[in-house]
Structure formats: structure tokens, C-alpha cells
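The NADP(+) binding site annotation in TrEMBL covers B:R48, B:K54. Positions annotated as FMN binding site by TrEMBL: B:R125, B:S126, B:S127, B:N239, B:A240, B:G280, B:K295, B:P296, B:V297, B:A298, B:T299, B:R321.
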Number of protein chains: 4
Amino acid sequence: MAGNSFGKKFVITTFGESHGKAIGGIIDGCPSNITLDLEAIQDELKRRKPGQSKLVTQRKEEDEVIFLSGIFEGKTLGTPIAFQIMNTNSKSNDYDLLKDACRPSHADYVYQQKYKHRDYRGGGRSSARETAARVVAGAIAKQIIKPVEIQAYVSSVGSISVSKKYTELDLSLTETNAVRCPDIETALQMEQLILQTKKKGNTVGGIITCVIKNVPVGLGEPVFDRLEANLAKAMLSINACKGFSLGSGFEGTKMFGSQHNDYYNADGTTKTNFSGGIQGGISNGMDIYFDVAFKPVATLLQPQEMLISGGTLKTIQGKGRHDACVLPRAVPIVEAMAALVLVDFMV
Amino acid sequence: MAGNSFGKKFVITTFGESHGKAIGGIIDGCPSNITLDLEAIQDELKRRKPGQSKLVTQRKEEDEVIFLSGIFEGKTLGTPIAFQIMNTNSKSNDYDLLKDACRPSHADYVYQQKYKHRDYRGGGRSSARETAARVVAGAIAKQIIKPVEIQAYVSSVGSISVSKKYTELDLSLTETNAVRCPDIETALQMEQLILQTKKKGNTVGGIITCVIKNVPVGLGEPVFDRLEANLAKAMLSINACKGFSLGSGFEGTKMFGSQHNDYYNADGTTKTNFSGGIQGGISNGMDIYFDVAFKPVATLLQPQEMLISGGTLKTIQGKGRHDACVLPRAVPIVEAMAALVLVDFMV
Amino acid sequence: MAGNSFGKKFVITTFGESHGKAIGGIIDGCPSNITLDLEAIQDELKRRKPGQSKLVTQRKEEDEVIFLSGIFEGKTLGTPIAFQIMNTNSKSNDYDLLKDACRPSHADYVYQQKYKHRDYRGGGRSSARETAARVVAGAIAKQIIKPVEIQAYVSSVGSISVSKKYTELDLSLTETNAVRCPDIETALQMEQLILQTKKKGNTVGGIITCVIKNVPVGLGEPVFDRLEANLAKAMLSINACKGFSLGSGFEGTKMFGSQHNDYYNADGTTKTNFSGGIQGGISNGMDIYFDVAFKPVATLLQPQEMLISGGTLKTIQGKGRHDACVLPRAVPIVEAMAALVLVDFMV
Amino acid sequence: MAGNSFGKKFVITTFGESHGKAIGGIIDGCPSNITLDLEAIQDELKRRKPGQSKLVTQRKEEDEVIFLSGIFEGKTLGTPIAFQIMNTNSKSNDYDLLKDACRPSHADYVYQQKYKHRDYRGGGRSSARETAARVVAGAIAKQIIKPVEIQAYVSSVGSISVSKKYTELDLSLTETNAVRCPDIETALQMEQLILQTKKKGNTVGGIITCVIKNVPVGLGEPVFDRLEANLAKAMLSINACKGFSLGSGFEGTKMFGSQHNDYYNADGTTKTNFSGGIQGGISNGMDIYFDVAFKPVATLLQPQEMLISGGTLKTIQGKGRHDACVLPRAVPIVEAMAALVLVDFMV
């Protein structure tokens, strides 16, 4: 069954295996006659790409996006926008050792069981490399939904958390450090934790907080396509994501209704915003904010016991490069998916 | 834009306003020649219906489901299964006071802004009454996906939580108390908290944990229709839901990869299950388990300031009946939505 | 696999077997705050209903539509509009003889093979009775797409054809006779042919021509959801339909491009309209017109050889009532389906 | 609104403008572990490509398909299959004259009105060049649906028609001549007509008949996704297509039911096949056959009056190359679309 498309009106379909010829996608449903800032799209890819700092995986990929259709004389045609990013750094030989191995907490085993044939090189389709295509589509979406503004940041790495709420932070500081955490002091601690973890060939998880401002009232469709339902799906479709919470989230479950209810001002805004900008599945014009939980990624540069085809277990040393913490690179992915959710209700 | 359908192959579309003639739905894509246990469907409705215990709202609704099509001589025809539940207890007059009022943290305001015309009686379409239709569809789905077994329970109410993991609990005790918590001692505390809260006309939130056993390997479609992405959407589409977390969830973000990775046994099962039964978006055959956060519902029997059409604020006393805690009644809804996610990958 | 829905934005899902409790449907995606003329909807059903004249089947069905949701104080809510029509005249006993029989050119055989279980009474789901639900949805669509005007008429019955083009006819005469043919003289001949055919317990086919005026420029989506592609699908989804042709259609294949090309006037209209109002899949503002072919329906009141379960052949006398020619009753169905195609591009 | 995808389970999305960088597509939902004959795919493209004979347009395009994903070690992965065909022969300058001109019966005008911005070079997205992507997808579908066999042929060009039914022809002769007509004598006449028409810079229409053999019983989904409804949509989505008729089609409307009904043999086959292999929307195992009408294409190498932006009319001489008759090249397109309809019900 097909499952590589997202959206109903602004539909992105992605393709590509980690070590195939290319990854990319098609956007169907993009409005016509919109001037696209192609450089801004490439900039978003740079925020996601490997090797951007000492914190992240050093796989060298230029990740240059090429557009094949749908844009003419700098403006969208209203026809499908196809794009691709070549896989330039695909040393497949590195993976020969893993040909018959199922790495723990990877998709190797379930892909083998489900498809009976898999591209074992670097995770194939299950690789997070696929998310580069989402970032391209999201970057286009961001331009279309303006003046809606989406800003995500790393709010925790392992046990180190930003203690302030997003409203107390200066989000413009997010891009000033490699961790992408706007609380500079905490960012430094996070950085150290990541580097220590990296040295051990280990990985660590964390949380990304995403804030959306200038949202018009009325986005979202009851009852199944509620705005928060689509956001949750979007986030949980990102590799390594294990949780989503909107507004007061899990903490809000401890509150009483009299505390949690967001009382109105006369202009329709609310005094508090425990709801996280969505009521009854529809945006109410207040900031939308939510948390996204990421597990520590499964690729370790340590010896690990793996399941070998035929049913034996074997300890194999992890090789090559790895992301000790994906959170910094996941920030633009979270933003892209949020943009794709919103644009689908706005075109 | 249409948004009242869920699923791609086993598609449920629901309809109905809280105080209209009826609520109900159509299931399209149900396999043919399956003997349905209609009583079991009605039993699920009983688990959701108001007035089932002193803990929940006392609105008197028989909630008897009537099937109009798709079933012949006790077996499914493979054609659409239409069903309806009449709204028998719809005293609309109760709501005249609220005709022009937008209650805090309700959908009144956003519906008015989005649709310019709304059924103000009892929340109209935004009422949780709509979920009765989901329970019917889910009850059918449950019968189709056997032997997959879905069991949800209340794991926290306000600040009172079950401290044990699901693996340490006897889930068969869930239905032995009105709270639907299998940890009997904790259930008693929860019950007291709910009754106290009810007495004050207040409400309290909580968390439902859902466990799915006997799951075949291979459910879920990369990359956007991952099993956990669809589960997240399903849960966040339930009224008052504010969060979803799979397996180790938000807690798992604090772990290192070497701790979090689920190592294999020779038969393909894993020694631990931090992944929550899903890897790479596809079920791996281990138990699936997840938490669902519910805010305290917004309907209070207290005086509350409301926004009146035209832009004035007015304090109005809440009237009638209310659910001090929706968690007990939400248990079958969570199960139903989980069943609908699974069946879509299994038909 | 689900297949009972039509449309992407204005989605109609229908349900119901010929002799079940009811038929009906849900419209999801209808815009809000539109005043509906409910009488006009019922009037469309009268144009389709059995027993309306001596020409058509005499099955007595009141076909009164009941709305269950989505309409409040006479206006649409933007929520799903559910409706149903009870099956009041369902003498199932009439069909006991046919329980194990597959009638020639009916769906009995393929339903039995595909579903392994079928409602043999009156064709079950394959009965044209299902189209009453389409007429309801189409009648609502017609009100939404105004001032677009859809007028269908019977242009041939058996070998008797209207020789004039639609532009030479006064389409307001269509409803003045039971055949629904605006060419009165031809209508009389058609009527005689139908009555003669009826007397013999036989049936006869024919062609319906449909004309759509006041169409805005720009409806239709390249490349697969071309307006004519959706119209073709809509028409071929009607029972007994065997063909669709747009504009010059099959006759136009004999022409040369220099004859067939529609040259422009300075205002963007065209001097001729061989294209039938659609170019490149998109409406160009000229009249859309197309022909729809209907085979003679398969239900005869004659002895016919049928296939009996287990693989024997048996001649059985057709009983009860039948439509000697469905064309008059199919006129509102063709219009309804055309309206559903258009509305999907207009909401 | 997105409209460039076809299918529900085996979904093809195409992209590309005639004179952009490339055309291509993504297939989502292709089963895994299937060995693909890539040469057979390229062979189908050769049947569609320009310059293959003196009858067709001489635009020189190699039309070599490149696969970017979804295939590994010669077998499908179950992941999206992305492919592209570069536009190598795109002399855009040829089209500068047409920059502001709307050619008669082309999509220029409606694209300009709908999108406000269009790629005027060679028709852009509305060019039939897009169908090359369909041929690739269809060629893959053909391999998956085996042993179902799809054979289309040219049954009329202008007023010259094959008088025999498909059952009286040797369809293996179709590829022996440039017209793709299995009736050799008629093929010669058609060829002469096409060459004469070409010499005049004119075009001529025609009809393609398509026959599908070895169809399993049970394909098609009532009520809207009937097999014939999806076939009709598929065919009418092809450029220049104006009509579709199944089995007895428009001729069958003149018959009586007693003549038209297909009586059974004891094994479930039928003695006649006026139904065209489909009853009640579902395949019955008999041959499926249908006709597809193509208008004479609109591109002429003659002086023609065109609409110029701003609302003036101007006569411009057609330049370059053209297809005097698209029928021969449309044969593989019809087959491809038929394959895409079938595969969607078979995976």
C-alpha cells in the first residue's frame, strides 16, 4: 500500500534510498504564479545537512537540490514541482558487513520481514536521509504560508533541559549555536553532553519545541483532520520520533479545568494559552506550540549484538560516521513538517 | 474541505451533531462474509455511554446502534455498513443561554469564526458525542483484527498515577472498577479525586495507557503512514487529547542509545521493548504500548467568563450535567481508534 | 477496498442495499452557511422515483429523504450532511426464487464470486436504487454551483433518435413529457416504443445528452483529474452505462483538425464548440455537452436461462415489475453526477 | 488542487513540462521483490516515442528512462520507484512567437486563465509529452498483472475503419505496421490517409480499440470505483481523447434486453459478451474490450487564427513538426492506462 505521500491539497510524495542514485520528491497542488526564493530552500537544506558542525555526522553530502519541473521564469506554474538531490557520498562497500545483519532498534528486521528484499546500504528507504526531501517541500510551504512563522529549537538533550518557557526565550538566538538551543547557557551544556556522547560512540535523545506565530483563525478540519491530529502524524512520521504534546501536554493532565481553561479577552484572544493555539481541532489565532520527543538514535559506533539472517546473533563493531544527537539537524525537519501541515489547510 | 473520514482501505466516515436527530457513520471497505457479533458492538457502546457510573456525566442516552446496510443474515456483505444512534436526550432549551456565548477552551469561538453558522446546542459537531460512532466502527474493527488484542486503561488522573508498568499489571482488572484502572488501590484514590472534583463542578485530566498484543510483524507503511504516525493522528483526533507517546516516549529522550536499543533474541523478538513494538514505522511483533494525554475537559459547573458575540465578556453559571473526568469513558474510544488504525493495515 | 465515495473536496459516500432497511449517504465537505431548498431536493427524487409515469417501473417507493445532520435552522453547518431514504416497499419474498440464481447480465454472479456472500434480494447493493442517494447529493450540489445550470434529456431510445443538436432544441420542454425528450414529436415515438417493449416484458437502451451552461473558466485539474475524465468516471459509474462522449465525440474522430479546431473570438469565446467546453482538461467557459449510452437493462419479464449455484442452468420466468427503459429515470441521475463533478472543483 | 496522481493503491504521480528539464514520475505502492524487465519498459517507450516512423512527428527524443529509486539488484523494494526522462530536444526559441498566443483548441487559453502564469513552450504541462511517464508506469504495471494481457490497436482513422470485430482479427499483426492496425489492408489505407493529411499540414482523428484477456473475476469496486468507471476516467485523461465505450457501447443502446443479455454457460462464462467483460462494475472473467475516440490533434502546420493576449486575433503559420495522426503513438498510452487501472485492483 502506498504511504509516501503527505497532504490532501498540497501533496508531497518523496522517494529515494540512502545509497541509491538520488532522493527527492514531487509537490502536487502548489499554487501558481508564486515567486520562489530558491536560495532560501537551499539554506534550509544546509540546516539539515550532515557535516555542518562538529556535533553532527560527518557524512559529506552537498545536498544540492535540483528542480526539474513546475517552476518557470522563477515562478510556480501550478503544475507538479519535481526535485531531486543526488546521493554523492554513497560508499556502498561500507555496508557489506551489514548485508545480512539486523541492527538493534533499526528497521532492518521489519523491512526484511515485510518486503522480503531490502536495500541494506545505510538503511535504504528507512534512512533519515529521506527527510531532506521533506525539508525542500517544507521550505516551499514556508514561503507560501507567510506571514505564518515557524520556529523550532532544541529544548532538551538527554537530561539537560531548557527550564524557561518559549515565551521567555529569544528565539532569534536559536541559530547562533550548533545545538540550535536559544538558551545559550543550556546550549553549552548540551554541546558538551553531545561531544562526550559522541566520543563514546554512543547517542543521546532529546526534545524539540516548535512555536508557530501569526496563525490565522480557522485552520483544521473536524473531526479526524484536526490541526493537532495532523501535526501529531507529521511529527511521528519523522525518524526516531517517539512523542508529541500540544500546549500544556502531559503536564496539563495534572491540572483542573478551572486552571486550564483559557479565558477570553474581548477581542477573541485568550489570557492564557494552555490549549496551544488549537481548540476543537481548529486554530484560534494564538501561538501554536508543541513538543516533539526523539529517542537516542540507534546507530552506535560501539560493538553491538545483531541478528543475522537465519537466526543467529553476532556482535559487530559499528563503523563509519554517526550522529551522536540528531536533535540539531532535526530542527529544520520539524519546521518543515509543521509547514506542510499548515499549507495543506491554507491553499 | 472534507475531514470526517479516517482510514484508506477500511474507511470510517462519521456524522452528527450532539443535539441533532442522530449521530452515526458509514464504514466503507469492510471485508465480506464475516460474522459480526452485534452484541459485542453494543457492549462497547455501553463502556462509552453517559450514566454508566456515578463518576461520569448523567446525560441519559440509550445509545442503541441501528445498522442500516452492509450486513445480511448476520454476515458482512463487503458493502458499506451504515449505522446510526438516535439522539434521544436532546433538551435543546438548556442551551438557549449559550446561543451567543463562546465558552472558554471550547470550540464555540473557532466554529463561529470558521463556519459563520453553528449548532450551539451542546457543542454541536465538536461535542465528544461524535466519538460514539468511532466506538461502533472500532468494535467492528476489533472483531476483524483478531487475535490482535487491544487493552487500554486509565494510568493517571490528575496527579495520581499508577506507578507500575503495564507488564506488571493484571489488565483483566481494568473493567472491575468505574475508573477503569487495573491497579485497584490507585483506582480508589482516583475515584475519590474524581468525586471531589465533581462536587466542585470542576474537572480533572489524566492519561490513558493502551497496550496492543499479538500484533503481526509488518504493519505500517513508510514513510508517512508509519504505524506510530497513524496512531498519533488517531489519538490526537479524540476530543480533549493533548499528547501521545510511544514506548519509552518522552522519558526515553533522557536515555543513551546503548541503553535504549532493543537487542534481539535469535527468534527476532527483542530483549527489551523501549521501541514500543514499532521500528522504522513498522510493527516488529512485540507489544505496542503508548500513552495518551487528556486535558481536564472544559465544561465546568461553575460560573465562568465567556465571550459574547459582538465582543463583550459575561460571567455565566455552568448548568446541567458534566463529566468531571472523561478518562473512564475515553478508554473504549482510545481502543476503538487503535483498532481503526490497525485494521486499515490488515484488510 | 473502499469504493463507495466520490469526490475529493465535496465527498459523497453512499450506502444501502435495495431491500435493506434504508439507503442514503453522507456528504463531507459541503460549505457552511448555505441556505438549502429542501423541497428542491425532494423534487429531484421525484424525477427519479419509480411509479412516476406509466413508462417506468411501478415499484411503489415514496423515496422521502430525511436529513440527520449538517443542517441547522435551514442552513448548512459545514459538517457532514447525513441523509437516508427508507426502503418501504421491500417484499423480500419475491426474491426467494432467485436466491441461488445468477440472472444474465446482472451483477449476481460477480458479487457471489467476489464477496462469497450477497444480498440476493433485488440486486442488493448492485441495484440502481442506490442512485437515489446520488440524486440527493447532486441536488445539493446543484444549489451550490449556481448559476451553473445542468440540463439532461433523452436523445435516443433504441433506434429512435432526436436528429437536432441541443442548440436547436428548447430544453425547457424536457419535463413536459414522461420520456424527458424536448423534441415532442420524437418523444411520442419513443413513448410508443417503450410501451411496446414493456408489453413484451422486454427492455430497450438509449442515449442521454447532458448540457451544462454558465460554466466558469478553469474547472478541472491536469493531468489525471481533467474535467472530462471525472465526468466520464461519474457517468460510467451509473448502472447500465456503457459509454461517454464529449463534444464532437466519436463522430469528431472522422474530422480533420482544420475543421475541428474551435477558433477564438476576441473575447475568448470560440466560434464553434467541437471541444464541448473543455480544452486541456479545463473548462473554457463554453457550454459543456456530452452523450451517455445506456444498455437495455437486464431485468426482463420473460423466461430467461439463469446460472444456478453449483453450475447448472435453469430457465426462470421474470416476475414483478421492471423498467422497460431506464432512460427517463436516468436523466436526473446524469444531472446529479455532473453536478457532483463540478461542485468538487468549485468548493 | 492536486490532480497529477492516478490510483489508490498503486499510485502514479507524474511531473514535467514539455520543454522543462525532464518529465517523469513516482510509483508508490508497487509490491516488493518483483524482478523487473527494464528493457521491456524501454521498449514500450519506443512504441510511444516521436520519430519512430514516417507517420509520426519527427521531434527527436531518445526518451531513455532512468530509474532513481525503488529498484535494487534488479528487483523492486516496495519503496517508491522514481524515474525520469530528460528533455533533450527542447529548442525553446521555436516557441517565442507563441509566447502570447492562444492556439485554437489547445490548452493555452485555459492555462493562462487558471494559472495566470504558464510555460508557453510546446504546451508546457498540457503537452502529450507527459504521457511518456504514464507509459513507463504502465509498462511496470503490465509486468505485475501478468498473465493479464492488454492489446490495443487502431481501429479507425478518419472515416477509414476496420470492419471486423476484434475476435475476427489476429492481434499479433498490430505491430507489423506503422499504423498499428492488425487488419493489414485497412492499415494501408489508413497510412495513405495519414500521409496525405500530413502533407497538407493537417491532422485526422480516429479510434483505438483495446482488448484485455485473461482477466480474473472480481476486479472493480462498487459503486463509484467500478472497473468501467476507472477505465473511462483513465482514457479520458489522455490528451485529445473525446470518448469511451465499453462492450456493445453506443451501438448496444439500439438493442433490446433479450438480445443484449449475455447468457451463461454452466462454467460461469457467457455465450455472448455484449457486456464487455464487466457486470455490475466488476470483471466477470470474459474479455474486456472498449473503444477510445481521439479527436484530430489541434497542432496544424497551416496558418491559423490565434487569440493574442489583450484580446486581438492574429493569423500565425504553424511551424516545426507535428503529428498528423496521434493514433499510432497513442496505442501504447491506452494500454498503459488500462494496465494502471487493473493493477490498482490487483495489488
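Glycine residues also receive a Cβ, built from the backbone N, Cα and C atoms like all the rest.
Predicted, not measured: the structure shown is a model, and the values here were computed from it.
Filtering the binding-site residues B:R125, B:S127, B:K295 for a Cβ under 8 angstroms from any Cβ of chain C leaves B:R125, in order along the sequence.
Most Cβ neighbours within 10 Å, among the binding-site residues B:A240, B:V297: B:V297 holds that distinction in the structure as shown. The maximal spread of the FMN binding site, taken as the longest Cα to Cα distance among B:R125, B:S126, B:S127, B:N239, B:A240, B:G280, B:K295, B:P296, B:V297, B:A298, B:T299, B:R321, is 45 Å. In this structure the C-alpha atoms belonging to B:R125 (FMN binding site) and B:K54 (NADP(+) binding site) are separated by 26 Å. You'll find the Cα of B:R48 (NADP(+) binding site) roughly 14 Å from the Cα of B:S127 (FMN binding site). With a threshold of 8 Å between Cβ atoms, the binding-site residues B:R48, B:R125, B:K295, B:V297 that neighbour chain A are B:R125, B:K295, B:V297. Secondary structure from DSSP puts B:R48 (NADP(+) binding site) in a helix. Look at the binding-site residues B:S127, B:T299 and count other Cβ atoms within 10 Å of each Cβ; B:S127 has the fewest.
According to its DSSP assignment, B:S127 (FMN binding site) is coil. Geometry remark: B:K295 (FMN binding site) versus B:K54 (NADP(+) binding site), CA distance 21 Å.
Of all Cβ atoms in the shown protein chains, 11 besides its own fall within 10 Å of the Cβ of B:K54 (NADP(+) binding site). In the three-state DSSP scheme, B:V297 (FMN binding site) falls into the coil class. Annotated pair B:S127 (FMN binding site) and B:K54 (NADP(+) binding site), C-alpha to C-alpha distance, rounded: 21 Å. Here the CA atom of B:K54 (NADP(+) binding site) lies 21 Å from the CA atom of B:A240 (FMN binding site). Packing around B:R125 (FMN binding site) is summarised by its Cβ count: 30 other Cβ atoms lie within 10 angstroms of its Cβ, all protein chains included. Each residue contributes its Cα atom, and for B:T299 (FMN binding site) and B:K54 (NADP(+) binding site) these two points are 17 Å apart.
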